[in-house]
Amino acid sequence: MTLSLIIKWGGQEFPLSALSEEDTVLDLKHSLKSLTGVLPERMKLLGLKYKGKPAENDVKLGVLRLKPNTKIMMMGTREESLEEMMAPPPDNDEVVNDFDIDEEVVEVENREENLAKISRRVKDYKVEVLNPPREGKKLLVLDVDYTLFDHRSCAETGQELMRPYLHEFLSSAYEDYDIVIWSATSMKWIEAKMKELGVTTNANYKITFMLDSAAMITVHTPRRGLVDVKPLGVIWGKYGEFYSKNNTIMFDDIGRNFLMNPQNGLKIRPFMKAHLNRDKDKELVKLSQYLKEIAQLDDLSELNHKHWERYLAKKQGQ
């Protein structure tokens, strides 16, 4: 009996009707190779289950009891595309290689269900704009806990737990960047904390808007399982006329938060034990200098922020 299937890959649909129930999963993959150029060993077919597990290559399609025109999502990259992605452009040692960050990033970043979740956030999440985006400015997205202040230590006031040089850092950044606060907590908590730290009332800079945990999405990764992330695509989808991957940088002390946008994320050292480290922490001073250096660039997505200190030392040594 002939099977009719629809394979979804790369934003396209590929109808298949030349396979029979006696053909195997591997036969299906070889048919897809001729259509897409993706090698069978590079493919993942989502939704093909046998006895509760992903169907192995030798499983016959007939035992999977596929309904006519069943839609199957395929993941995989053409060999030439992989070579292109993995080969760093010449004469630029600051260009990021996604595979250095994490091999699963490529899969997570482009997975269709994750992009669909972002689209829903773009459509449904309500942003309260505190100050309108400014033409020609880049975008700086900042985490709160352990990035701007130590939220675990005890103190009489929030000022005691504030990261050193916070207001100087934000004042300097505001010259070149619109500033967005994004915390994995509730908006009520974010507003209270920003007010307590004097961030939303400072005359030297303005916050464009703030995002809470409701703007985040959950993604599945092979290595980490389910994780919550902060997809910058939510901001780009809502304010695409101002912000994109080319002019956005995000600071967070948790690297997985920018799993969907690794090329835009900078993992900041966490600020903890404020009473012990208040006089020693100079992270925001150095990062202020880094932001000033890269503000001159047309495309921030080509930088590897993992090596920001090396980049800064190199620039300052010139």
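Each Cβ is built from the backbone N, Cα and C atoms, and glycine gets one as well.
Taken from Swiss-Prot, the feature domain 'Ubiquitin-like' applies to 3-81, supported by sequence analysis. Taken from Swiss-Prot, the feature domain 'FCP1 homology' covers 133-294. Annotated Mg(2+) binding site per Swiss-Prot: Asp143, Asp145, Asp253, in sequence order.
For Asp143 (Mg(2+) binding site), the same-chain residues 6+ apart in sequence whose C-beta sits under 8 angstroms from its C-beta are Trp182, Ser183, Ala184, Met250, Phe251, Asp252, Asp253, Ile254, Asn257, Ile268.
Taking the centroid of the Cβ atoms of Asp143, Asp145, Asp253 as the Mg(2+) site, the other same-chain residues with Cβ within 8 Å of it are Val144, Tyr146, Thr147, Leu148, Ser183, Asp252, Ile254, Ile268, Pro270. Mapped onto DSSP classes, the domain 'Ubiquitin-like' (3-81) shows 22 helix, 31 strand, 26 coil.
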